[in-house]
Amino acid sequence: MRRARTAALITAVVLLAAVAAVLAATTPWDPLPGDVPGGAVRPDPARDFSPVELARSAAFDRAINPPAYAGLLAGLLVALLLGLTPLGARLLGRCTGWVRWRALRPAVAVIVLTTLLRLAALPFSIWREGVLRRYGLSTQSWPSWLLDQLKSLGLTWVIWTVAVLLLFALARRFPRYWWTGAAAGGFALVVAVSFAYPLVVEPVFNRFTSLPAGQLRTDLLRMAERDGVPVEDVLVADASRRTTALNAYVSGFGSTRRIVVYDTLLKSPPERIESIVAHELGHAERGDVLYGTLVGALGVSGGVCLLFLALTSPRLRRRAGLDEDGPDGAGGADPRQAALLLAAVAVLAQLGGPVQNLVSRHIEARADAHALNLTRDPATFVSMQRELSVRNLSDLRPGPVEYVLWFTHPSGPERIAMARTWARLNGMPEPPGR
């Protein structure tokens, strides 16, 4: 076992070092390279947002943060309680003991665990939804909201069931070196889910229709053609039945790649819609979804090696109430260790989240630069970002902790400042404030 653990540790270090090297070399740390006349513009929320808008943003932030942090902590604490104490092993022993086909016991175990984790977070999700309703961001009825929660839980069951059935099958067949096949399988699963997501997952929550024929559709497709990005269609999601927020995104890659705009966005002026779609074209032109998928899959492969170390650690197994070396002396395929597995995944996810957000913010900034280069209209970009920030009640002055934990995009004031910096670089007038 020592040899297998050493090999897994070395592989994890190599894979995660490769991820770090790729991110260091390919992340657009400076999306606007060059000497800026007069220097880069600093973010200044007061320049673009009224005192009333700033106060409303701050009030919403104070209201939404408690359920967000509480839900995060509740899920993490429950995962650690079940995974690092005998409670989880005892619970899963009782829940899986009645399943005659042993190969299915791990699936039952993760269904039980993921349901418990969702129930632990449910009060805080309800709290958060109440805040969204109070501030006019949610348009859902409570039955519709509950149905979405059940759909999300069902998808979680499917993904986790597929993952653990494959993992435990490997553990039974190769008790000391299952991590090699699991790392490769984890890589493949991440790629497959990302590819299929637009076709399998997104339709579960939204209905999509083609943007109606008209000047806007013609202009958007022409802009994509001018940008050299093959786009056969622009889809509209019926987001208004859930939210008043504005958004657009690109998902999938290869034959499943598509650009989607919320129907709430269609009420904005056409030039603003073009600005936000130009941002999404930046993601498509750079292949950001595929890039993120492959880097994420490589990180998951390294994480699987760390999971093997956790599941075969005598100290952790004792804390979890499991046999020290597993029933076969090598970690085995005991379904009770699913609790330890989920606890380890929860910890790794929390450690990796801030890194993902850091990289994401820079990639989003590069897409902003792409939009500015494509439209050459910083004034419209600024007005669009202002509208997004006000309508979505974005945090205009985020604290450092929430910025690290939650922000996948630069803040609204940062994006506006970048547009003014771009204008300076290109010898154009700076867009004025409010």
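Yeah, the Cβs are placed from backbone N, Cα and C, and that goes for glycine too.
Just so you know, TrEMBL annotations never went through curation; they're auto-generated.
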Need one residue: from Glu202, Glu364, Glu387, the one TrEMBL lists with His279, His283 for Zn(2+).
Glu364
Please list the DSSP helix, strand and coil residue counts for the domain 'CAAX prenyl protease 1 N-terminal' (76-207).
111 helix, 1 strand, 20 coil
Counting other Cβ atoms within 10 Å, pick out the least crowded of the recorded positions Glu280, Glu364, Asp368.
Glu364
For the domain 'CAAX prenyl protease 1 N-terminal' (76-207), what's the mean pLDDT in this predicted model?
93
Taking the transmembrane segment (152-170) as the reference, which of 68-92, 104-127, 177-200 gives the largest number of Cβ pairs under 8 angstroms?
104-127
Binding-site residues (His279, His283), the one with most neighbouring Cβ atoms at 10 Å:
His279
